[in-house]
Amino acid sequence: MQTARTLEVLRNSLSVLRRDGGRVALVPTMGALHEGHLTLVRRAKEAADQVVASIFVNPRQFGAGEDLDAYPRQLQRDSELLEAEGVALLWAPTPEEVYPQGYATNISVAGVSEGLCGGDRPGHFDGVATVVCKLFNQVMPDMAFFGEKDWQQLAVIRRMARDLDLTRPHVDAIHGVAIVREEDGLAMSSRNAYLSEGQRASAASLPRAMKDAIAVLAEGGQAERPLGNLREVLQVSGFDSVDYAEIRDADSLERLEADNGNARLFVAARIGGTRLIDNMPVSRTA
Ligand SMILES: Nc1ncnc2c1ncn2[C@@H]1O[C@H](COP(=O)(O)OP(=O)(O)OP(=O)(O)O)[C@@H](O)[C@H]1O
Ligand SMILES: CC(C)(CO)[C@@H](O)C(=O)[O-]
Ligand code: BAL
């Protein structure tokens, strides 16, 4: 596996990679890799001839007071994991390489970025859209893979790709991969590493409480009561706060008061300073 840390090396490596004319898939990550990320790589390998993975802890998507400095960085370990999965090229730039002196451009996607994580983390999705657009332009992949754990992020990226005519990684070639979970149901996430043993045990109540709420939502009626119960269960189970617990249309991300036949449940909750997110279908189609 080649590793590129500058745009010059990336371009040279890509031109070698493209010599055989195969299809190239991009898997963007922020590193601290787990089975969720490796599943994206495996899906990418099945669909493309060559996989390029990126690791970049993007400062522009972290707000003031968020965990930019604490975010786990383990490039050596990550690079061994990616190599073992057969990744051809790792793109791991420095912040200066991505945002050189004088950098001044921002991409902002309206609508789908509003509310949920966009409400709690102002500017977050501008940072995500900006860096993903740059990654697409740098790597020019034929397709890209993102996890459904970050469902709203996937919606923002699809909207941006469509709006900005990012024609090679166009909307049909932006693949969402189902959430990979631990045995007790907790969605895998690099931030799970922040949890103490006790917090980790409590964290499993998040997917359980979501399933219980969905069972009630699926019976019909207004969402208010099951979502209220979910908040209470999380607080009793050791969560410090719930940022949001909402049902939304799975595609438009419009807020719903009841199941519309294409609804998903979205939750973000904090436990000991760690913010966990999850989402699940309410309707069978969502
Ligand atoms: N459990 C998971 N299942 C499926 N995809 C995942 C999972 N966790 C992360 N991903 C996907 O991997 C890609 C890179 O995510 P990232 O590096 O931010 O990891 P993360 O575990 O989501 O970290 P964080 O704790 O920052 O949310 C994203 O497309 C994300 O949706
Ligand atoms: C898509 C992404 C790599 C952009 O920095 C990041 O938001 C992530 O890891 O989900
Ligand atoms: N997985 C999404 C990246 C973030 O939380 O910043």
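Note that Cβ sites are derived from N, Cα and C of the backbone, with glycine treated the same way.
For His37, the entry in TrEMBL reads active site, proton donor. A helical conformation is recorded for His37 (active site, proton donor) in the three-state DSSP classification. Its Cβ placed at the centre, His37 (active site, proton donor) has 27 other Cβ atoms within 10 Å.
Counting Cβ atoms from all protein chains shown, Leu33 (ATP binding site) has 23 others lying within 10 Å of its own Cβ. Taken from TrEMBL, the feature ATP binding site applies to 30-37, 147-150, Val180, 188-191.
The beta-alanine binding site feature in TrEMBL is assigned to Gln61. If you draw a 10 Å sphere around the CB of Gln61 (beta-alanine binding site), it holds 21 other CB atoms from the protein chains shown.
DSSP assigns Gln153 ((R)-pantoate binding site) to a helix in the three-state reduction. Shown in sequence order, Cys117, Phe125, Val128, Phe146 are the residues of the chain, 6+ apart in sequence, with a C-beta less than 8 angstroms from the C-beta of Gln153 ((R)-pantoate binding site). According to TrEMBL, the (R)-pantoate binding site annotation covers Gln61, Gln153.
For Gly36 (ATP binding site), the number of other Cβ atoms no farther than 10 Å from its own Cβ, over all displayed protein chains, is 21.
Between the alpha carbons (Cα) of Ser190 (ATP binding site) and His37 (active site, proton donor) lies a span of roughly 10 Å. The 6 Å Cβ screen around ligand 2 retains nothing from the recorded positions Leu33, Gly36, His37, Glu148, Val180, Ser190.
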